[in-house]
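Below you'll find the structure, written out as structure tokens, and then a few comments.
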Amino acid sequence: MELPNTPTSLIFGVNGERFELSHVDPSTTLLQFLRTRTRGCGACVVLLSRYDPVLEQVEDFTASSCLTLLCSIHGCSITTSEGIGNSKEGFHPIHERFAGFHATQCGFCTPGMCVSLLGTLVNAEKTDRAEPPDGFSKVTVSEAEKAIAGNLCRCTGYRPIADVCKSFAADVDMEDLGFNSFWKKGENRDLKVSRLPRYDRNQLSSTFPTFLKEIKQDVFLASEKHSWHRPISLTELQSLLKSNNSNGTRIKIVVSNTGMGYYKDKEDYDKYIDLRGISELSKIRKVRTGIEIGAAVTISKAIEVLREDIRGDFLSDYVMILEKIADHMSKVASGFIRNTASVGGNLIMAQRNNFPSDIAVILLAVDAMVHIMTGTQFEWLTLEEFLERPALGLESVLLSIKIPSLELNQSESSEPRSRFLFETYRASPRPLGNALPYLNASFMVKVSPCKDSGGTLIYTCRLSFGVYGSKHAIRAKKVEELFAGKLLSASVLYDAVNLITATIVSQDDNPFVKSGAAQQASGEAVFVDDIPSPSNCLHGAYIYSAKPLARVRSIKLTPELQLDGVRDIISSKDIPNGGENIGSKTIFGTEPLFAEEKARCVGDRLAFVVADTQKVADMAANSAVVDYDTENLEPPILSVEDAVERSSFFEVPPFLDPEHVGDISKGMAEAEHKILSAEMKLGSQYYFYMETQTALAVPDEDNCITVYSSSQCPESVHSTIARCLGIPENNVRVITRRVGGGFGGKALKSIPIATSCALAAHKLQRPVRMYLSRKTDMIMAGGRHPMKITYSVGFRNDGKITALELQILINAGIYVDVSAIYPHNLVFALKKYNWGALAFDIKVCRTNHPSRSAMRGPGEVQGSFIAEAILENVAATLSMGVDSVRSINLHTHKSLQFFYENSSGEPYEYTLPSIWSKIAVSSNYEQRTKMVKEFNRINSWKKRGISRVPVVIQVTLRPTPGKVSIFSDGSVVVEVGGIEIGQGLWTKVKQMAAYGLSAVQCEGTEGIFDKVRVVQSDTVSMIQGGFTAGSTTSEASCEAVRLSCNILVERLKPLKEKLQEEMGSINWETLILQAYMRAVNLSASSLYTPGNDGYLNYGAAVSEVEIDLLNGETRFLQTDIIYDCGQSLNPAVDLGQIEGAFVQGLGFFMLEEYETNLDGLVLQDGTWNYKIPTVDTIPMQFNVQVLNSGHHQHRVLSSKASGEPPLVLAASIHCATRAAVKEARKQLLSWSNQDGADSAFQLGVPATMPVVKELCGLDIVQTYLKWKMTNK
């Protein structure tokens, strides 16, 4: 129904450019528009500006463009990172500081980070704070750090990004800002400030476009099947609902659509009704009886009003309550979600969909009311009644929420004055929000002092709780009744806690600036999905198995979708004659592209839907009906125990089967103590690259095809596509410019994506592209290898190990992938300590899970942690300090040679003993250990732990090609086989090219760096590229470039000498021009082929943590790292790699659960329930020192790898947490009147909040209260 005089065009601006659209699919998001219409925004977060004609002011706020429906931005101005600065018009100081603070690696998340910071700066300028010094913003350090609290980064470790944000704050201590390219060590504050890219507050953002100020806000938009309505009154809303309610129309009522981020798989809708045009729903009213918040009011706006606008209007207790409500709301989601998500929408999701709403919990405790409209009827309900009702139908609309004011009635003036106490609690893996809580609660209690007893009398109380997995927020009424009229005492609390436990039950997240850093920050860096779609391009999506083992009888799509844009369904039957059903390959085996008769795991690719748009392809794949048959099939193998029982193993080639060390029988015989057959398990981890798997395939003439692939191994993509299509390899071209994060997941796992697109493009002779949804990516990825470990260890009284024997079962999934390397990697990581003798039996188990693949530090992470866990157990058995046990079992150079025969190097290269001593001093380890002990003595509900952990990791270089070409103007192009995945490869290669060519020694060679350009990988022009993996691709690529430069230098030197004789001095440009004129070959290529021996990397970390015994929260207080980088090729790049690796390891050990259910289906399949570290979960103090250990003739310019070994050091966080938990358990035993320390416990990996809480004692409060009652 189109209302009279309603605009029918959508008008908005993007970076100042006017857009007017007449036909818009209302389900289209802003992100989809930006990527298809304006070349690509480069990231999800944008600055959205809206003009208020009444107040005559502009409201600016950040928003998530992937959740913002395009129709909802009518009359708005959008600013992307590219809109505030770019390479053509000049970069913004935000971009320049991101580059200078080395705060970008893969760059995929960087534009969103920049815009989040921009939004904070813009709104800080609107405050009435004092004018800051020149070059700074009004923003505070605290606000700056929170600016990126909702942004995710998998590469950097956040520390340099936080430094960028803080650098704009006037109250920043410049000494707190880390490594950067702006100033040198020792310069004073004024000089440092002057060297920062100048920030001009008057040119913060573009002026709001005049053409948007006069636009009417009501709008009606329609496409062929869908319509968008924006009524401006409740009467219009009633009419819309009434007219559409009776004909089966699927309606979605929206404010900002952020709920789509949680409920991703909900059906498509015919009509969208936007409530924001109804003014009464967007207002906050202050009346005598309380505060009434319109249902369409954003959470951010509610926070602002509750914090700032109510002072002086109400009683102080009520003001306190409102402020605490606002504080809790500020931890809901992230800033750019709160800016658009509505309070009413949050509560509606709780009512209709059992959404675990924080807001419902805190408002339930204050006896909030809700105003409902059903048809033409209006009613007020208590929030409790609202939540308990059956799910409201679409004819019912939430209008407002009321927080009632307090009544403090005093019966007699002589009685002590009663007052209200109010507290909210939130147990979440992320302190600043952006994660669903495991548990939250809100308590409002009316109390007064009791004159007779001197205690506290409880008049009334309201206690509300929310538990992840439960129906919705509830009140603990029986506990409220227990408290009413009682004096607060240990016995009353004891009874209350026991009653709560029964009530709340859960039913079930001088460096060179990095090459291209500013372009990444501005959003101009092009990833595969940023490449404009060619004409006639199609889009693909997988239909995958939902069963771990089943025959597939048939696959059917809904008839509607078959007629609405679906062009084909590609399967193994479409492999051309002469081709193979191959999805990836290694020397260990192959993986099919599509299942043929049987699906062998959840996520097994069954077919590939090809459609006109990505949306239609995804919808078709998600709605496909697969007919399975499991009759007469054996049960699937879903555990390593099942694999052992059925002898389901992969073979390990002899050259990867490591040898035992020493005589295990003799070592066990020498032991004075033994631990026999101890067990432990390690879980999996998902890659969580910011850019999911993606590819674009374009058919070409003469049966050729070009594929743009986000891959760590384009060479393997190339050969696999050729084999699948049955065409020669010279008919295939694979191009990879950059990868938005890889960590091993863009190696073999990227190949089927590109091959599927290539197969569809080859068959249909049209371009085909695909971008996996996060859910599909997580289901198919496989991730890090889980494993079960059983070990027996012998040791002496002083803690020295004499023998270690292990049995390890590795869950490899259904196809071998690269799992055969795991026994080798595991054992070489285990060898970090001198075990005396070492024996092992390692089996690579074939199970019905998606194939596990390499993930950053494959095998090394697990092997190194197993070593630490064993020493922890030994120390506990001997009642020794674990640090002493670690120290006594560190290698001497002699024992190092015994365990690492071919890679131990010379004695001076063994830097671990020096590092071990240095980090004790630099971290103040001994003094802090004493301070931790004292902290634990005086604190009952928080405990701390500190731990020092070493790393010894062997790395091996692989053959790598490089090519250097010089143009006639002296500019240089470099090609390498390695791929830029955020590790700074291009930067190091560029440095090496400049370094190598400077050996010509003519005028101008000192400026060659700025003349060098590293170009994308192209498998036609650069063959034998190999894999970008194992932390050594950068140095191998650099060596290949150096060798190529040497060839060019040898060609140029004779000419230079001759020209110098003729002309005197000669500069670089003249030399190269003369070389062109005299036909000197100015292009050279080399294949670097290293020897078989690798080298060892050394480092150590000290970490301190604090745990909360009541909820299991772990705070990471401080981490100190010293890491041996050899002679670093680029300290800034290496520092970023060290920090990023460590934080990714922190995620594995402490936060990231990646599990499957009994049917093999991944439980954590999105950002809502899979939680990587964020800026608020990294160590509060993070000190990293790069040790330059000197010359080494067998390493590339004496450098060392930095990408993977530091990840292992995150085990120090886990070990420190174990130490804290040990103290908690010791205290618990004392409260239970039991002697001794309970050291024989296992802290799982990851050590999430529930795991820590359970080990600290689920009944710890009851135990304490019972102890207090019996020890008065």
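Glycine is treated like the rest: Cβ placed from N, Cα and C.
Annotation source TrEMBL lists [2Fe-2S] cluster 1 binding site at Cys41, Cys44, Cys66. Secondary structure at Cys44 ([2Fe-2S] cluster 1 binding site), as computed by DSSP, is coil. On its own chain, Cys44 ([2Fe-2S] cluster 1 binding site) has Leu31, Ser64, Ser65, Cys66, Gly112 as residues at least 6 apart in sequence with a Cβ closer than 8 Å to its own Cβ.
Residues or ranges marked as [2Fe-2S] cluster 2 binding site in TrEMBL: Cys106, Cys109, Cys153, Cys155. The secondary structure of Cys109 ([2Fe-2S] cluster 2 binding site), as reduced to three states from DSSP, is coil rather than helix or strand. Note on Cys109 ([2Fe-2S] cluster 2 binding site): other Cβ atoms within 10 Å of its Cβ, all shown chains, come to 28.
TrEMBL lists 221-408 with the feature domain 'FAD-binding PCMH-type'.
DSSP gives Asn346 (FAD binding site) a helix state. The local packing around Asn346 (FAD binding site), expressed as other Cβ atoms within 10 Å of its Cβ over all shown chains, amounts to 26. Per TrEMBL, the feature FAD binding site maps to Ser342, Val343, Gly344, Gly345, Asn346, Leu398, Arg426.
Note on Phe743 (Mo-molybdopterin binding site): other Cβ atoms within 10 Å of its Cβ, all shown chains, come to 32. According to TrEMBL, the Mo-molybdopterin binding site annotation covers Gln712, Phe743, Arg856, Gly1030.
Counting only same-chain residues at least 6 apart in sequence, those with a Cβ under 8 Å from the Cβ of Glu1204 (active site, proton acceptor) are Arg856, Gly857, Glu860, Ile953, Val955, Gly1030, Ser1031, Ala1141. The annotation active site, proton acceptor is assigned in TrEMBL to Glu1204.
In terms of C-alpha distance, the listed binding-site residues Cys106, Cys109, Cys155, Phe743 place Cys109 closest to Val343 (FAD binding site). Note on proximity: of the binding-site residues Cys106, Cys153, Cys155, Phe743, the one nearest Leu398 (FAD binding site) is Cys153, by Cα distance. Note on proximity: among Gly344, Asn346, Phe743, the binding-site residues of the record, the Cα nearest Cys155 ([2Fe-2S] cluster 2 binding site) is that of Phe743.
Considering only the binding-site residues Cys109, Gln712, Phe743, the residue whose Cα is spatially closest to the Cα of Asn346 (FAD binding site) is Cys109.
One residue stands out among the binding-site residues Gly344, Gly1030 for having the most other Cβ atoms within 10 Å of its Cβ: Gly344.
For the pair Gly344 (FAD binding site) and Cys109 ([2Fe-2S] cluster 2 binding site), the Cα-Cα distance reads 30 Å. Neighbour density for Val343 (FAD binding site): within 10 A of its CB lie 27 other CB atoms from the protein chains shown. Ranking the binding-site residues Ser342, Gly345, Arg426, Gln712 by Cα distance from Cys153 ([2Fe-2S] cluster 2 binding site) puts Gln712 first. Other residues of the chain with a Cβ within 8 Å of the Cβ centroid of Cys106, Cys109, Cys153, Cys155, the [2Fe-2S] cluster 2 site, are Thr104, Gln105, Gly107, Phe108, Thr110, Arg154, Thr156, Met690, Gly740, Gly741, Gly982, Gly1140.
Listed in sequence order, the residues of the same chain lying 6 or more apart from Cys106 ([2Fe-2S] cluster 2 binding site) and placing their CB within less than 8 Å of its CB are Arg154, Cys155, Tyr689, Met690, Glu691, Arg738, Val739, Gly740, Gly741, Gly742, Ile981, Gly982.
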